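Peer 1: Okay, handing you the structure first.
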Amino acid sequence: MIRYFTAGESHGPALSAIIEGMPAGVAVSREEIDLQLRRRQQGYGRGGRMKIEQDSAEVLSGIRFGKTIGSPIALVIRNRDWENWTDKMAQFESHEATTEKITIPRPGHADLAGRIKYGFNDIRPVIDRSSARETAARVAAGSLARTFLCQLGIEIGSRISSIGPVTDTGSDKTISALLEKGAECLAGAADRSEVRMLGKKAEEDAIAAIDLAKERGDTLGGIIEIYITGVPVGLGSYVQHDRRLDSQLAAAVMAIQAIKGVEIGPAFENARKPGSEVHDALHLVKGEGVERPTNRSGGIEGSMSSGETIHIRAAMKPISSMQSPLQSFDLATLQPVLSRFERSDTCAVPAAGVVAEAVVAPVIANALFEKFGGDHLEEIRNRLNHYREAVRSAFSG
């Protein structure tokens, strides 16, 4: 079972991650990890921090000669901006007397609840750990599980279907054609857009909307569509609540900063339709197996993978740090004041799509481990291939 922990503050020396449970024998490269980190930094509407950081992962353990060795993998991502924060974020030398305390909580952030929960007299520690900067470590960790899945024929990708008022409906035929080649192909097509949208007109409108929001000192959220192809039927389980694949995927995506809603397939649209227009019919195709003319279940039926593309939609709220501040109050004086602005993005929806790809990878990998077990890539691959062949043969007629 893959599990990982991250550590580090947004303006501290570095972010780090420890990944446990990766099987031995998985070919990995620093270039692939860094590619995912670069993808996370992309997107129109990002703030000044992205001009400072050039994220790259340093591997400290768990990999030898380009392959995993089954032991915990430790990764470090240095924060270049640390040199500007050595006094404010010093670990041991005390600069408390000369460091300005942050006492005005920003609406929509972790500031107020975090300050009350942990008893700080300064909101800075809350700001720095709750920051979405932490997702760089999750992307690095997730890239390892993603690489493992790719070597088993399972791919993950995402696109952005809306930013603010702009919706990219996308051509179903275009999306289907890309997914036929694998979700990585769809991700590559999305990456060619500054906002990771597939439609050119939608891309132009989204960029204009981001520009307008920035001009007004405002921010924009949006909707992310995540796709996972090549997943065999039967991952997850209906037997216990904590083994349900859909709940595990939803939890992983909901744990991304600013994500406020998740659905599997067009779930909320399905809720407004009769069952006859929602459920996917089953067709037995001789020599091929079971096919569904639609995939409104989002690739999960009865909390298990159906064998179709897994489709997850996530709603990201607008970023809470705005240059046109909302009403707040000062914790030191208890007087009403306008909220303070912390350097931030106008829109980070495209980057959040990359983070979503990363966090679902360990979930699918763990569902594979639960089904097939194994400590080495080849052991798992052989068991998976045997299972796939058995499923195909059962319906070949």
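Heads up, the Cβ atoms here are built off N, Cα and C, so glycines get one too.
The shown structure was predicted, so the numbers you read here are calculated from the model rather than taken from an experiment.
Feature list, courtesy of Swiss-Prot:
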{"type": "BINDING", "residues": "ARG40, ARG46", "note": "NADP(+) binding site"}
{"type": "BINDING", "residues": "ARG129, SER130, SER131, GLN257, ALA258, GLY302, LYS317, PRO318, ILE319, SER320, SER321, ARG343", "note": "FMN binding site"}
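Describe the structural context of each listed feature in the structure shown, including burial, neighbouring residues and relevant distances.
Peer 2: Counted within 10 Å of its Cβ, the other Cβ atoms near ARG46 (NADP(+) binding site) come to 18, all protein chains included.
For ALA258 (FMN binding site), applying a Cβ distance below 8 Å and a minimum sequence separation of six or more within one chain yields ALA132, GLY221, MET316, LYS317, ILE319, SER320, ALA348, ALA352.
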Peer 1: Which of these binding-site residues has the least crowded Cβ, counting other Cβ atoms within 10 Å: ARG129, LYS317?
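Peer 2: Least crowded of the binding-site residues ARG129, LYS317, by Cβ count within 10 Å, is LYS317.
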Peer 1: Around the C-beta of SER321 (FMN binding site), how many further C-beta atoms are within 10 angstroms, looking at every protein chain?
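Peer 2: By my count, 22.
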Peer 1: Measuring Cα to Cα, how many angstrom lie between SER131 (FMN binding site) and ARG40 (NADP(+) binding site)?
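Peer 2: Roughly 14 Å, rounded to the nearest whole number.
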Peer 1: Just name the winner among ARG40, SER131, ILE319 (the binding-site residues) by count of other CB atoms within 10 A of its CB.
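Peer 2: Within the set of binding-site residues, the most crowded position is ARG40.
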Peer 1: If you pair up every Cα among ARG129, SER130, SER131, GLN257, ALA258, GLY302, LYS317, PRO318, ILE319, SER320, SER321, ARG343, the residues annotated as binding FMN, what's the maximum separation in angstrom, rounded to an integer?
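Peer 2: Value for the max Cα separation, rounded to a whole number: 44 Å.
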